[in-house]
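Colleague: Sending over a structure as structure tokens; questions will come in a sec.
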């Protein structure tokens with residue numbers, strides 16, 4: 001699988017588009033807002049003389065969420081400046097995603113964004129006719145590598161992106177007295193599960209650790225000393241990588257695929273060969289890589305649960321949510337649409353565009369049945385880091 005080519009959300013404004021099915025991701029951005037505001041306040045307080053701030057949103061995607069994080073950042077800086085008795089700095093904003101992302105959608109949304117910024121911020125440096133401004137640019141490329149000039153950024157944000165890997169993991173194998181890489185042996189699955197071999201678990205963990213180290217090292221070159229990052233992404237609370245919150249959405253999708261294979265609609269060998277470029281890391285893994293890379297200190301690390309539809313969950317409401325059968329099936333369809341908007345471009349090259357409707361109809365039913373007997377949750381990592389130096 002060429003991850004750079006297929007890792008993008010469903011484009012456009014259709015019923016299966018990411019633009020129409022990204023409420024969960026929007027809620028994850030909102031979940032991290034408090035930590036982001038806190039980090040921005042600390043950044044502004046420690047850089048009182050700075051007149052131009054470099055900001056990057058990594059993995060911005062497309063659709064209504066693509067400018068949500070940046071809007072929040074601009075609003076927070078605008079609200080902080082009067083309290084800190086300082087002028088609003090010039091904001092250099094970079095929106096990043098892979099080249100396959102629908103940047104046309106983002107560009108078409110920018111005039112409305114600029115109008116809102118200018119209309120809301122006149123008199124504080126954002127108005128028309130001069131003064132400090134907000135400049136937005138697109139930067140296509142993988143964040144698993146350098147994207148920006150050295151020490152050009154002050155604040156980096158990323159939401160719902162770092163659980164995606166740079167490539168499908170490979171396993172190590174012995175051949176003629178030498179170690180080689182080989183495809184994973186993960187029969188009947190599309191992600192690690194309780195029945196996956198330990199070699200698959202190890203390969204996924206190693207790929208994430210390698211990618212996250214590269215991500216940190218790349219950002220360490222681009223951020224100024226004292227610069228900050230706020231990252232939110234799917235993770236897990238358990239050391240076990242096969243718990244429900246870290247892998248069960250993939251387990252149910254594999255069930256839908258296998259049901260189609262048994263009916264001869266798709267080939268089972270294609271399921272065996274497909275592995276999702278995804279990993280839900282534990283806090284222990286994150287701390288280990290951050291310490292090993294050595295350029296950042298952890299200011300805050302939180303893990304918050306949300307349900308599969310994107311709703312936040314308090315500790316008091318963590319018990320099973322009772323749903324009627326129609327409610328459960330409706331939830332299953334909403335979750336299926338959300339997952340489809342994200343993973344369909346990955347699945348199509350292997351299984352074919354013509355089976356996608358049938359696949360996600362089955363997936364919706366399977367997820368709906370699961371909602372009837374369970375209340376599945378994701379674990380959202382919210383990580384605030386400070387560049388050392």
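Every residue gets a Cβ built from N, Cα and C, even glycine.
Sharing the feature lines straight out of Swiss-Prot:
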type    : residues                     : note
BINDING : 18, 60, 65, 97, 98, 142, 143 : S-adenosyl-L-homocysteine binding site
BINDING : 25, 163, 164                 : jasmonate binding site
SITE    : 157                          : site 'Involved in substrate discrimination'
BINDING : 186, 272, 274, 275           : Mg(2+) binding site
SITE    : 234                          : site 'Involved in substrate discrimination'
SITE    : 353                          : site 'Involved in substrate discrimination'
Colleague: Take the Cβ of residue 142 (S-adenosyl-L-homocysteine binding site) and count every other Cβ within 10 Å, whichever protein chain it belongs to.
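Modeller: Residue 142 (S-adenosyl-L-homocysteine binding site): 21 neighbouring Cβ atoms within 10 Å.
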Colleague: If I take the Cα of residue 163 (jasmonate binding site) as reference, which of the recorded positions 18, 142, 234 has the closest Cα?
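Modeller: Comparing Cα positions, the candidate nearest residue 163 (jasmonate binding site) turns out to be 234.
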Colleague: Spatially, which candidate from the recorded positions 157, 186, 234, 272, 274 is nearest to residue 143 (S-adenosyl-L-homocysteine binding site), comparing Cα atoms?
Modeller: 157
Colleague: Have a look around residue 234 (site 'Involved in substrate discrimination') and count the other CB atoms within 10 A of its CB, chains all included.
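Modeller: Excluding its own Cβ, the number within 10 Å is 22.
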Colleague: Could you name the residues, excluding 25, 163, 164, of the same chain that surround the jasmonate site, i.e. Cβ within 8 Å of the Cβ centre of those residues, in sequence order?
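Modeller: For the jasmonate site, the extra neighbours are 59, 160, 161, 162, 233, 234, 278, 342.
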Colleague: Including all protein chains displayed, how many Cβ atoms other than that of residue 65 (S-adenosyl-L-homocysteine binding site) lie within 10 Å of its Cβ?
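Modeller: Excluding its own Cβ, residue 65 (S-adenosyl-L-homocysteine binding site) sees 22 Cβ atoms within 10 Å.
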Colleague: Can you check which residues sit near residue 97 (S-adenosyl-L-homocysteine binding site), meaning Cβ under 8 Å from its Cβ, same chain, 6 or more apart in sequence, and list them in order?
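Modeller: Spatial neighbours, sequence-distant, of residue 97 (S-adenosyl-L-homocysteine binding site): 8, 58, 59, 60, 61, 62, 103, 140.
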Colleague: For residue 25 (jasmonate binding site), list the number of other Cβ atoms lying within 10 Å of its Cβ atom.
Modeller: 24
Colleague: Would you mind checking how many other C-beta atoms are within 10 angstroms of the C-beta on residue 60 (S-adenosyl-L-homocysteine binding site)?
Modeller: 26
Colleague: Take the C-alpha atoms of residue 186 (Mg(2+) binding site) and residue 25 (jasmonate binding site) and report the distance between them in angstrom, rounded.
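Modeller: With the alpha carbons as reference points, the distance is 29 Å.
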Colleague: Please give the greatest C-alpha separation between any two of the jasmonate-binding residues 25, 163, 164, in angstrom, as a whole number.
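Modeller: In whole numbers, the farthest two Cα atoms are 14 Å apart.
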Colleague: Say we define neighbours as other CB atoms within 10 Å of the CB. Which of the binding-site residues 143, 274 has the fewest?
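Modeller: Per-residue Cβ counts within 10 Å for the binding-site residues 143, 274 bottom out at 274.
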Colleague: List every residue in the same chain as residue 353 (site 'Involved in substrate discrimination'), at least 6 positions away in sequence, whose Cβ is under 8 Å from its Cβ.
Modeller: none
